[in-house]
C-alpha cells in the first residue's frame with residue numbers, strides 16, 4: 001500500500017494505519033486512547049505547555065527530546081531520569097550539568113494533575129512532550145501510544161553507560177542493539193541533532209589534539225573548524241555552547257544529514273555516521289538517503305521514536321503525583 005501523508009500545520013502527520021505498517025509493534029498494554037475517558041484533554045494540555053516553554057526558550061525543544069532519549073535508554077521509558085536523590089540519574093556523567101528541562105516537565109505535570117489528578121504517568125507526559133517538541137519545531141507528528149508506568153528506582157550506573165559523543169560507531173550501535181533498536185534507528189534518532197546546542201566540553205577534543213599528535217579531526221570542515229576554535233579556545237570555558245546545525249538551528253529538518261556530507265557534523269558521534277570506515281557498510285548510505293529525502297528521514301525518525309518509546313524493562317510501576325519522587 002502507498003504511504004499516505006497529510007500536511008498539517010507545516011509538518012507531516014503520518015496516518016496511524018501507515019505507521020502500523022511501517023513500525024514494529026507497540027507494546028500490548030499501550031494505546032493512544034488509554035486516557036480518552038479518564039483525561040480527555042491530555043494531549044491538548046501537554047501541547048499547550050510545551051508551546052509556552054518553547055516560546056520562552058526555543059532551545060528547550062531539543063532538551064526535552066534529549067530527556068526522553070536518556071530516560072528510555074535506562075530502565076526503559078519509565079521517567080526514572082526525573083527522580084531526585086543521591087542515586088539520581090541526573091547525577092550521572094552524561095546528564096549532570098547537561099540534561100535540562102526538568103522544570104518544564106514539572107509544569108506540564110502540574111497542569112495535567114490539575115485536570116486529571118493521579119491518572120497520567122510522568123513517563124507518558126515526557127513521551128508526549130518529546131513528540132510535541134518535534135512537531136512544534138517543524139518536524140513530523142505521530143500518535144503516541146500511552147499507558148506507561150513510572151519506575152520506582154533510578155539507575156545511575158546504567159545512566160553512566162548511555163551512548164557517548166566520544167565513542168566509536170561500533171560501540172554506539174551495540175548500545176542501540178542492546179535495547180532492541182537497529183542501525184536505521186541509530187541514524188534516524190541521531191537526526192534529532194538537527195536542532196539544539198552542545199557544550200564545548202563534548203566536541204572540543206576534535207579541535208586541537210584529536211590524534212594525540214597536535215592535529216584536529218581531519219573530518220571536520222576547515223571553515224567550521226576555524227570558527228569552533230574561536231568559540232572554544234584551548235583552556236576556554238567548556239560550558240559555552242555551539243549549535244548542532246548552524247544552517248537551521250531551531251528547525252527540525254534533514255539539514256543535519258546534509259551537514260555530515262560536508263564534514264560539518266559538530267560531534268564526533270555525528271560525523272562518524274558518514275566519515276568513519278565502519279560507516280561504509282552500516283550508516284553512510286542512510287545518511288546520504290536522508291540528506292536527499294526529508295520525507296524518508298521523517299518516516300524513519302517517527303518509527304524510531306515509536307520503537308524507542310516502547311522500550312521497557314518489564315518492572316512494575318506507578319503513576320507518580322510528583323515526577324521527582326516516588327509516591328508514599
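Cβ from N, Cα, C; glycine included.
Of the listed candidates (184, 194, 321), Swiss-Prot assigns 194 to the same Ca(2+) 2 site as 245, 248, 251, 253.
Here the C-alpha separation of residue 72 (disulfide bond) and residue 323 (disulfide bond) works out to 15 Å.
Within 8 Å of the Cβ centroid of the Ca(2+) 2 site, not counting the listed residues 194, 245, 248, 251, 253, the chain contributes 138, 195, 247, 249, 250, 252, 254, 255, 256. With residue 245 (Ca(2+) 2 binding site) as the anchor, the candidate disulfide-bonded residues are 39, 122, 232, and the one with the nearest CA is 232. Recorded residues residue 77 (disulfide bond) and residue 70 (active site, proton acceptor) have their alpha carbons 9 Å apart, per Cα-Cα distance.
Less than 8 angstroms from the CB of residue 39 (disulfide bond) sit 112, 115, 116, 119, 120, each of them six or more residues away in the same chain. Taking the C-alpha positions, the distance from residue 248 (Ca(2+) 2 binding site) to residue 122 (disulfide bond) comes to 31 Å.
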